[in-house]
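**Student:** From TrEMBL, here are the annotated features:
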{"type": "ACT_SITE", "residues": "264", "note": "active site, proton acceptor"}
{"type": "BINDING", "residues": "64, 172", "note": "NADP(+) binding site"}
{"type": "BINDING", "residues": "202, 206, 240, 259, 362", "note": "substrate binding site"}
{"type": "DOMAIN", "residues": "27-211", "note": "domain 'Glucose-6-phosphate dehydrogenase NAD-binding'"}
{"type": "DOMAIN", "residues": "213-508", "note": "domain 'Glucose-6-phosphate dehydrogenase C-terminal'"}
Ligand code: BG6
C-alpha cells in the first residue's frame, strides 16, 4: 500500500515511537447505539489522549436525529466522560472536538448521503484528512445493503487518488448461518474489495488473546506438549453474569451460539489449535487460522455432545433477577438459548482424538473468559493410591478476563511426614508483571483500521468456515424442542454437565 505520509527516517519496527495513524477521518453510522457510546467514542478519545491519532482527525456522525454538530459533540462528550479509560484532559478534548461533524438523514435518503460526501470533502480541505476515510457500520446488518449502495452511489466508497483509502468496518452478526453470511459478504464485496473490509471480532483486540501467540510461539516450554500426546482436552469458557435486559431486539432469535461461539470462541479455538505461522504477517497468520478452522468439526450426536439452556429467575449477587422470558421485549415463548455448549474435534495429526469443549452463557456464576488446556494424567504414578487421591489433571489456563494472566496447575507434595500430593497453581498476572494497563480492545482495533493493519480482523473465509462448523448444531437444535432452564447464578443446564460426564470429564469451575 502506498502511504504518501510515510516517514522515510522511521522504521515501523522501531518500538521507541508508537505507530500513529496518518491523516484520516472516521464516519460512524448508528452513533446513537450502545456500542458507539460505550466503546467507539471512548476509544477514539483514548487514542487521541495517547497521541495516536493525526492532528486533523475528524469524526462524522450520521443518524436520523435532528442534531447540529454541537449536539453530536455533547453526546460524544458524555460518552467519553462516562466510559473513557484514560483521564479526561480538556486540551485533548478541545482539539478532538474541532473535528466533529454531524449529518442528519435516513439510509435511503440520497440527499443526506450527498451531504455526507460534501462534509467529507470539506474535511479533506479544512482539516487535511487527505481523502482517507473509514466507515463504521454500527447498524443492524439488514441495513448494510442500502448503506453500502449509498456509499457507492455518492462516490464515498472509492478513493479518488491511488494514495488515498476508503475502508468499511462492520460488526457481527455476520449473518445467521452460512448461506446468509455468504450473501452478506457478497453485498459488501460488491462495493468494497475484501482488503478494505474490516470485520470486528473484539476478542482479537484483547491483549490476553494476542498473548496466546506469544505464549505458544515465543517460548520453548509449551509447544512440545501442545498436542494429542499430552493434552487430554481443551475447555474454552466465556461466562457472563449479566442478563439480557434491554437487548431483546438484537438477541431474541439469535442466541448464545450465534452471538458468541460462532465468532469469539471459534477465534480463540483457532489461536489455541493452529500451527505456527511462518511469520506474523497478516497473510501467514490467516493461512494457519483458515487451515485449523477447515479441520474443525462438531462431534456428534448433537443430542449428547451439545447443550442448550435458558436462564430462569433467581438470585445473583444478592439480588433477585428475572428469567429470560420475563425480560422486557422477549417473546414469552422464546426458545432463544442463553447458554450453549458444543464439542468439537480438530482433525489434524496434532489434535486427533482431543475434544475441544466450548461453552458460553449469560447469568452464570460469574464473569470469566478462559482457555484451559487440560493434560493427560501421568501414565504411571509410583505412589500409594491414597497419596494421589487429591491430585487432578495438570492444566494450563489462559485467563482472558478478568484478572488477566496465565495459571499452571500441577501436583505438589503437601508438607508433612507423609507423601500426599495435591493440586497447586503457579500464576502469572498482568497486574503484577506489568505496570501499564492494557488498552481496550476497541482502541487497538480502531487504530489498526486507520493504519490499514488487518492482522486482527477475521476475513470472509474465516467467517464462512465458522458458520460451517456451527450450522449442524443449529440445525439440530431447530427440531430439538426448547432449551433447558437453569437458575440465574448457576453454571448452566444439567445437560451441559452430562455432556462432559459422559466422556468421563467435568467442567472446570473457573
Ligand atoms: C459481544 C456479545 O460480542 O460480547 C455480548 O454480543 C457480550 O453478548 C459481549 O456480552 C462480551 O464482551 P466482553 O468483552 O465483555 O467479554
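Quick reminder: no glycine exception, Cβ is built from N, Cα and C everywhere.
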**Student:** Whole-number Å distance between the CA of residue 362 (substrate binding site) and the CA of residue 264 (active site, proton acceptor)?
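**Tutor:** Checking the Cα atoms of residue 362 (substrate binding site) and residue 264 (active site, proton acceptor) gives a distance of 15 Å.
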**Student:** Listed binding-site residues are 64, 202, 240; which of them have CA atoms within 10 A of the CA of residue 264 (active site, proton acceptor)?
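**Tutor:** Within 10 Å of residue 264 (active site, proton acceptor): 202.
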**Student:** Of all the binding-site residues given, 64, 362, which has the fewest Cβ neighbours within 10 Å once its own Cβ is left out?
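**Tutor:** Counting other Cβ atoms within 10 Å of each of the binding-site residues 64, 362, the minimum falls on 64.
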**Student:** Of all the binding-site residues here, 240, 259, which one's CB has the most other CB atoms within 10 A?
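**Tutor:** In terms of Cβ crowding, the pick is 259.
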**Student:** Need one number for the substrate-binding residues 202, 206, 240, 259, 362: the maximum pairwise CA distance in Å, whole number please.
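**Tutor:** Answer in Å: the longest Cα-Cα distance is 20.
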**Student:** Counting every protein chain present, what is the number of Cβ atoms, excluding its own, within 10 Å of the Cβ of residue 172 (NADP(+) binding site)?
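**Tutor:** The Cβ of residue 172 (NADP(+) binding site) has 19 Cβ neighbours within 10 Å.
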**Student:** Return the residues near residue 206 (substrate binding site), defined as same-chain residues 6+ apart in sequence whose C-beta is under 8 angstroms from its C-beta, sorted by sequence, else 'none'.
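**Tutor:** Listed in sequence order, they are 400, 401, 438, 441.
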**Student:** Within 10 angstroms of the C-beta of residue 202 (substrate binding site), what count of other C-beta atoms is obtained when all protein chains are considered?
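**Tutor:** If we count other Cβ atoms within 10 Å of residue 202 (substrate binding site), we arrive at 19.
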**Student:** Ligand 1: which of the binding-site residues 64, 206, 259, 362 have a Cβ closer than 6 angstroms to it?
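**Tutor:** If the test is a Cβ under 6 Å from any atom of ligand 1, the answer is 259.
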**Student:** For the domain 'Glucose-6-phosphate dehydrogenase NAD-binding' (27-211), provide the mean pLDDT of the predicted model.
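**Tutor:** For the domain 'Glucose-6-phosphate dehydrogenase NAD-binding' (27-211), the model's average pLDDT rounds to 95.
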**Student:** If you count Cβ atoms within 10 Å of the Cβ of residue 264 (active site, proton acceptor), leaving out that atom itself, what do you get?
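**Tutor:** 23, counting other Cβ atoms within 10 Å of residue 264 (active site, proton acceptor).
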**Student:** Could you state the whole-number distance in Å separating the C-alpha atoms of residue 240 (substrate binding site) and residue 172 (NADP(+) binding site)?
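**Tutor:** It is 19 Å, counting Cα to Cα.
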